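Visitor: The structure under discussion is supplied below as structure tokens; questions concerning it will follow.
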Amino acid sequence: MRLVILESSDSVAEWAAKYVMKRIKDFEAGPSKYFVLGLPTGSTPYGMYQKLIEYYKAGKVSFKFVKTFNMDEYVNLPRDHPESYHFYMWNNFFKHIDIDPKNVHILNGNATDLVEECSSYENEIEKAGGIDLFVGGIGPDGHIAFNEPGSSLVSRTRVKTLAHETLEANARFFGNDINKVPTQALTVGVGTVMDAKEVMILITGTHKAFALYKAIEEGVSHMWTVSAFQQHPHTLFICDEDATLELKVKTVKYFKALSAVHHKLIEDTIPIERSRSIH
Amino acid sequence: MSSFELIQFINCKILRNHKLIQEHLWVRNGKIINPERVFFDEKIKADIVVDCNGCIVAPGFIDIQINGGFGIDFSNCESIESGLNHVAKNLLNSGVTSFCPTIVTSPNDVYKNVLPRIKKNKGGSHGATILGIHLEGPFININKKGAHPSECIKNLDAGFQSLIETYSTLENVSIITLAPELKQMDEVIRKLISLEITVSVGHSMGNLKDGEDAIISGASLITHLFNAMLPFHHRDPGLVGLLASNNIPLERTVYFGIISDGIHTHPAALRIAYRTHPDGLVLVTDGVSAMGLEEGKHNIGQLSVEIKNGMALVAGTTTLCGSIATMETCVNIFLKATGCSIEYALEAASLHPAEALGISHIKGTLNFGGDADFVFLDSDLNVLATWIAGECVYKKENVLIKQGGGII
């Protein structure tokens, strides 16, 4: 497990975007070899998408041979609702880049058979050859995707009934009316993300500091589902200074001492496969 | 490009919801479409990508009052069909994608012969869309006749019947300008509204009450505000007072045409109208046959016209004989005179006229589902190219538009 501590949320966005770009380039994607990317929504990854769009426009990266799988989507929310994850991905990322719509996958929360939708999503991921890099964010309660506290750490893509706290937290996006917040979502499972070849989790802000502490300093717990990634062979946590406030000084110093090594990950000259083996 | 192809316009600032935004514009089958649906439902990419080179893309201009231009006078024209074609084609150069050919007060036989031959007509590379005829007169007040021939001016004493007898047909008519103080006005307006014809008040000695009554009956437009009506008086505000009337039904907007050619309406008058009632302001050229002709002397019909310093004069005199500013010029003059936003100036020539005619669901915006009629403009609002139904119908010399690997 790696923890990269950066100055601000802007640097987290930039670092994450550079890493995604680097992985796509190193992969040498082509018509017969697609890079498969898992993607989150929310305020944390927004900056990363902005940066990726900037790099795309500057001709530094192309998504022509990239397949994407999104983490989750609300159930029964119209696709053009501003809070739907389809809406988010279209407006904040896909419409700006050269990705082929055929290669974009987002769970359909309006499918007639939701269970079938989830299992075919798992099949689609498998058919694509598995996910090369899954990017995620976390909630203040340490959830990844909609795998809220208590979710099984081997869970797969499924329909999830949302906790009341989640509804309360989300009400601000639905005109402060809790009755308008969708009560269910489709989400990839912790196990689905664990199957990715590599996982990069972005954490910014003081309100996520306790979750980061739970994620990396405490043991693996299904009450803090993101902690499962301690056991993933290639996990990168990218956080800003604010998110480290609940960590031990020792932990912070340890990872900061490794920063020179970590920064090599996004350098143009060294292939990632090489720097990856050095911890 | 065939109309079924999916066209994506990139690298442009488009005017949508009263704002210029950095956004792509997607077009198929002559309509503006929602690319989100194409992306997630059809999962296809654009067949053609057009690089707009950073320009402004605004809805095509709509001129609801234009008497002719480029040497043609619609009311006095040997072959109306070829005359219309000639004007429709030339209007594309100034960003006009739709217009209402306007017929001024004329003898009955002109109406009888000409009106059936002016058909509503879809635009394209042959010219701008003809939305329908604007009949300006003969039911106007002789004391505010302007340039209309007084011997042809009529009253409405026999109500709607007088109207039918005069015009013969209303089939292709979109707008009729009437003086609201005439008798039988309420009946006539209600009848016209039921035929989906927009009623405009003008060429009138009417007071504010006459105007308000007409609006309550269903009129929704004022013809070239300030011109051919009583001047604003603070105790008797006349039709100009409609801009600030509190007797207009709540859900209604009074629209008004205004000529911002820099001559027919003083810049201060433009500002007064703009600041008083911005939602209703519709730019019109009221262009005459000399519009679009070069400086110098021209013989148009029996009239000898001299164009001098952007003004059309009766040759050898200083008498103005109509407006000759194109819509492109009117937009620019209006913008400078009022200091309004670029968005507003563009909407006054597109959205507002479409609203005045009740067609803003298909024209006058770049909203999804609307007709793909639009103009490319540089930051000084010079027209660079004009598009109708997703087809490039005019391109200014030396403007490069990159499409796919090539240039159009």
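Using N, Cα and C of the backbone, Cβ positions are placed for all residues, glycine too.
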Visitor: Do you know which of B:H264, B:H266, B:H352 TrEMBL groups with B:A147, B:N227, B:A228, B:R235, B:L320, B:C321, B:G322 in the substrate site?
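Guide: It is B:H264, as the record lists it for that site.
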Visitor: Among B:H126, B:H224, which residue does TrEMBL annotate as binding Zn(2+) at the site that also has B:E136, B:H203?
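Guide: Candidate in the recorded Zn(2+) site: B:H224.
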Visitor: What count of other C-beta atoms do you get within 10 angstroms of the C-beta of B:R235 (substrate binding site), across all chains shown?
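Guide: Cβ-Cβ neighbours of B:R235 (substrate binding site) within 10 Å number 4.
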Visitor: Give the number of CB atoms, excluding that of B:L320 (substrate binding site) itself, located within 10 Å of its CB.
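Guide: Taking all protein chains shown, B:L320 (substrate binding site) has 15 Cβ neighbours within 10 Å.
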Visitor: Per DSSP, to which secondary structure element type does B:L320 (substrate binding site) belong, with helix, strand and coil as the options?
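Guide: Assignment for B:L320 (substrate binding site) reads strand.
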Visitor: What is the one among the binding-site residues B:H203, B:H224, B:H264 whose Cβ has the most other Cβ atoms less than or equal to 10 Å away?
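Guide: It comes out as B:H203.
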Visitor: Relative to the Cα of B:H224 (Zn(2+) binding site), which of the binding-site residues B:A147, B:R235, B:L320, B:C321, B:G322 have a Cα no more than 10 Å away?
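Guide: So far as Cα distances go, none of the binding-site residues lies within 10 Å of B:H224 (Zn(2+) binding site).
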Visitor: So which recorded positions are near B:H203 (Zn(2+) binding site), with CA atoms within 10 Å, out of B:R235, B:H264, B:D286, B:L320, B:C321, B:G322?
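Guide: Those close enough: none at all.
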Visitor: Rounding to the nearest whole angstrom, report the longest C-alpha distance spanning B:A147, B:N227, B:A228, B:R235, B:H264, B:L320, B:C321, B:G322, listed for substrate.
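Guide: Binding-site diameter by Cα atoms for substrate: 32 Å.
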Visitor: Over all shown protein chains, what is the count of other CB atoms within 10 A of the CB belonging to B:A228 (substrate binding site)?
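Guide: Looking across every protein chain shown, the total is 23.
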